[in-house]
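This report refers to the structure that appears directly beneath it.
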Amino acid sequence: MTEPEFATRRSARAAAPATAPAPTGRAGRNLPVAIATGVGLGAAAAAALVIHPVAFVVVICIAMVVAVWEMRQALSEGGLFAPFVPVAIGAVSMTVAAYLRGAEALVFAAALTLVATLIWRVADGLAGALRDVGAGALILLYPCLLAGFAALMLAEPQGQWRILVFILITISSDIGGYAFGVLFGKHPMAPKLSPKKSWEGFAGSVLSCAAVGAIVIPLTLDGLWWQGAILGALTAPVATIGDLIESSLKRNLGIKDMSNILPGHGGLMDRLDSLVLVIPLMWVALRIIAPH
């Protein structure tokens, strides 16, 4: 998208008439649609995880291409135009490299992708090149490099169980936070960034993550219950920070959701924000709890 096209799109969007919002719950979601979408995504991820680790690598690659597209579209609202093709190819390459060759290959693929992004953008002209390459670098870090840790985790012994533990504990943060926020939420945590997020909801996130961790760590990785509880308690604040980082990004860009491809949720990155930031923590922690 060129800058004139960007300006035209912003003008058209401002002039568009408002439409009546769909019925939502207290948290601002169309709950039946959101639940159905969430169940569908969860079922697809679970099926890939059960079939074979490579199938889940494919899921990660697809998710990263979608995430790159969403991030590029979102950043374009702020006048930042990251080159899509080299970044998307790099996102896939980073995931595959991490799964096949480990952490060093992940870092090398990220560096190579950054160079390719620079060459691709400079070939299109020098005007705004530094700005756009910077946007590409941001996308390579968040979410692509962080998501590469999921491939690293998957490649380890009991990799599928590690991924399952990571997903269950992190998702419990959203579920516990939502439930406690709806039932007890009175004290806003960050009203300027996320008005519906409350300290009561955060307490629910911590309790839910700790409880789920205490259950799944002994059952799946032969760890101790208290190790799982501590891991869960550490996961909740990191997941919450991930939510707030994306909320801040969207607020600065003047958008509500990263896209509208997931009914009831918005974009894929609107669902991956907490997961992506938790992955490095989970990778390190599970290597300590369940060493090779």
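Every residue, even glycine, has its Cβ placed from backbone N, Cα and C.
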Which is it, of 1-25, 176-200, that TrEMBL names as region 'Disordered'?
1-25
Of the listed stretches (41-68, 80-100, 135-155, 161-180, 201-219), which one yields the highest count of Cβ-Cβ distances below 8 Å with the transmembrane segment (106-123)?
80-100
Cβ-Cβ under 8 Å with the transmembrane segment (161-180): same-chain residues at least 6 beyond its ends:
27, 45, 49, 56, 150, 153-154, 197-198, 200-209, 211-213, 216-217, 220-221, 228, 231-232, 235-236, 239-240, 274-275, 278-279, 282, 286, 290
Ranking 41-68, 135-155, 225-245, 272-290 by the number of C-beta pairs under 8 Å to the transmembrane segment (201-219), which range is first?
225-245
